[in-house]
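Participant: Got a structure for you, questions after.
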């Protein structure tokens with residue numbers, strides 16, 4: 001049977017999705033299933049790994065049934081995933097020994113403090129391109145081995161496996177036959193040397209993580225193994241692409257040349273700039289990460305991670321009851337006319353790039369008796385754009401590249417007000433693509449290249465198309481005045497302490 005589709009599994013922080021893409025890179029079917037969040041203590045976030053797998057199986061079945069697709073028409077599977085989230089499981093039974101510790105979780109912050117006090121920061125930065133932070137997988141694995149009785153000894157005997165979510169999915173889909181990850185996910189663990197492209201013995205010793213439990217690190221586009229027959233009605237489908245969600249979005253946005261950048265507006269906000277074959281060391285609070293590894297060549301990116309973006313609108317809806325639904329934020333923001341001097345710094349879990357301050361709380365500034373709900377909503381939406389400018393300023397400083405345009409994706413970019421304000425505050429055109437599902441599309445492209453479904457990156461680049469281009473339309477003095485107000489608000493937030 002002719003191969004007509006590539007299947008992308010997009011395993012995110014709150015839901016799992018399965019999506020079919022045709023040869024034109026258009027969505028041919030989608031299924032989605034949410035799963036539970038576990039909050040054992042304030043600041044801790046965990047997932048049940050078995051529930052994640054169930055959500056993935058369910059979406060695959062729903063997708064094939066609803067789209068009435070024969071599994072033989074699927075050329076391959078691409079996997080993209082919430083990065084940094086760590087799972088440790090028993091190799092013999094396939095059962096997790098503890099919940100998955102999620103990227104957002106701060107439960108390893110004390111370990112991070114100890115590592116910093118021991119003087120490891122410079123070494124970690126040079127080898128991994130990362131900072132010592134609870135965000136990354138390494139301290140999460142250490143925490144599990146420290147807190148589950150007998151776990152470290154079992155890991156040393158080769159009885160336990162560690163993986164980011166991509167590894168966990170592939171292990172299960174192949175019936176425990178394949179234990180791999182790709183360069184992009186490995187580069188987010190704080191255990192992988194992005195220059196030698198190997199697990200680093202010095203980093204593993206620092207964290208006391210046995211090498212026996214680690215997955216093989218492979219390219220982002222190759223055939224890793226075949227699925228078991230029960231998932232695709234008796235057929236075996238090759239798993240042929242892996243990338244962490246933000247790198248997958250960079251690939252799905254066809255940012256193939258150095259200096260091209262994308263920003264994803266989801267729960268958090270993640271801007272990546274392709275730096276080609278150069279691992280650019282950041283002096284401005286950004287991360288150096290692997291963009292992808294294809295055809296024996298690794299390419300790098302600079303990344304700015306903003307912890308709270310779209311979730312500030314969810315907070316207005318669920319926490320403050322200011323909105324009926326998140327999409328109402330556009331109408332409220334437009335109705336306000338301006339922010340009336342109100343700024344929201346949404347440091348609910350501290351601030352990410354370029355500040356990296358986990359010790360501060362969110363704040364609101366500039367309230368008067370004339371402040372309305374509309375002003376509040378507008379300030380929340382504007383905070384996404386201001387934080388993005390913080391990151392872009394750092395990115396241009398590190399790379400020496402002046403951004404010509406910003407390709408944008410994620411749920412919040414559907415908000416026309418936010419997209420236009422982003423263009424205005426950056427003074428750079430913002431491009432919204434026709435296919436909004438760029439993360440899943442990137443995973444599909446990686447799998448399609450490995451299976452011959454698509455012939456080259458040039459072919460993929462021709463498929464990328466603009467839905468709408470937002471051009472800057474704000475006077476420079478107004479732009480600089482608004483941003484100066486934001487900088488003042490951030491500085492004041494950093495000075496506030498709860499005793």
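Any Cβ shown, glycine's included, is placed from N, Cα and C.
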Participant: Per Swiss-Prot, which of 61, 80, 264, 267 sits in the ADP site along with 13, 17, 310, 411, 415?
Facilitator: 267
Participant: Which residue of 5, 135, 183, 300 does Swiss-Prot report at the same glycerol site as 83, 84, 245, 246?
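Facilitator: My reading of Swiss-Prot gives 135 as the candidate in that site.
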Participant: Taking the Cβ of residue 84 (sn-glycerol 3-phosphate binding site) as the centre, count every other Cβ atom within 10 Å, in any protein chain shown.
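Facilitator: By my count, 26.
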Participant: So how far apart do the glycerol binders 83, 84, 135, 245, 246 get, largest Cα to Cα in Å?
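Facilitator: Of all Cα pairs among the recorded glycerol binders, the widest measures 15 Å.
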Participant: Tell me the Cβ neighbour count for residue 314 (ATP binding site), meaning other Cβ atoms within 10 Å of its Cβ, over all protein chains shown.
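Facilitator: The answer is 13 other Cβ atoms.
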Participant: If you measure from the CA of residue 314 (ATP binding site) out to 10 Å, which binding-site residues from the list 13, 84, 135, 267, 411, 415 are inside that radius?
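Facilitator: The binding-site residues close to residue 314 (ATP binding site) (Cα within 10 Å), listed in sequence order, are 267.
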Participant: Within 10 Å of the Cβ of residue 310 (ADP binding site), how many other Cβ atoms can you find? Include all protein chains, please.
Facilitator: 23
